[in-house]
């Protein structure tokens, strides 16, 4: 706080209120008092000027904007480069989050202790800077595969019935998808498993999430069933596991359920992005992924807070996980309405253009 703000004087002892000091200091500024009811022997102390706050209202906006540019363009490039094994390539691309999350998360508290929050953010920003040279190496295919349907722009996508149902399905899915990821640790603490038990459950979910992303990508490349069928099946399994968290009474049961849920949820994440090309048509994956993520963000923003509100109302997370399963199952039913065209033979992957060393 500014040096000009004086500290709050302490009142003399009050025989009627022996443990009542002057008003407690404000949590925002340790030298500025807050106006609260006082003991008879201690007058009100008006609050001083507030602590200075850095004017950075747009700071969360730019990381989100950069993430959306990098994520959408990367998945669009992967989908265009590997039409023959799109699901497996997408699974490999999105499995990095399952590796980097558990690896970086334990380092953040150490960075906060050593460098403070500003230094920790600078370290995370430097870590994310690797996306700049990696993104510079992304090049579009020279001869992309011909789309089955005529190319559609934004207006065409917004009038494309299957794509709109696909986007709405994932808006419903995200209403329940992130609930266990956000509230599982709190649920474990309420069960009395302690911080170690909560960390073990969350870690098991993260590891199995990465395995599910790879496995579903490999399985979806088999010609046994259409990709929407695979997606509906994994979504139904995820919906069936979510309501079981309240009945897990011990650490072993909760960790097992967390691992199963993470595996199924990871499988859904891979097929979600690889299925855009089959629903919207090859050649417009990038635009379709961007529009789909904009629509599904409604569910992402509403689901976890709604689950937290239900916990506050009911006193536990039981109804919250049941709500998550209901959202996931409604998404599965909507996915089942998508058309299932016969899967053609695998096309040849496009050849890359000649590498120009002068570009780098």
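Here the Cβ of each residue, glycine as well, is placed from N, Cα and C on the backbone.
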Can you dig out which of the ranges 9-28, 29-48, 89-108 TrEMBL describes as transmembrane segment?
89-108
Intrachain residues whose Cβ lies under 8 Å of the transmembrane segment (64-82), provided they are six or more past its termini
88-90, 93-94, 128, 131, 135, 138-141, 144, 273-274, 276-277, 282-283, 285-286, 289-290, 293, 349-350
With the transmembrane segment (286-307) as the reference, find which of 89-108, 120-138, 251-274, 319-338 contributes the most Cβ pairs under 8 Å.
319-338
When counting Cβ pairs under 8 Å to the transmembrane segment (251-274), the leader among 89-108, 120-138, 319-338
89-108
Express the predicted model's confidence over the domain 'Major facilitator superfamily (MFS) profile' (154-360) as a mean pLDDT, rounded to an integer.
86
Determine which residues of the chain contact the transmembrane segment (319-338) at the Cβ level, with the cut-off under 8 Å and only residues 6 or more beyond its ends counted.
162, 165-166, 168-170, 172-177, 179-180, 183, 187, 228, 231-232, 235-236, 238-246, 279, 299, 303, 306-308, 310-311
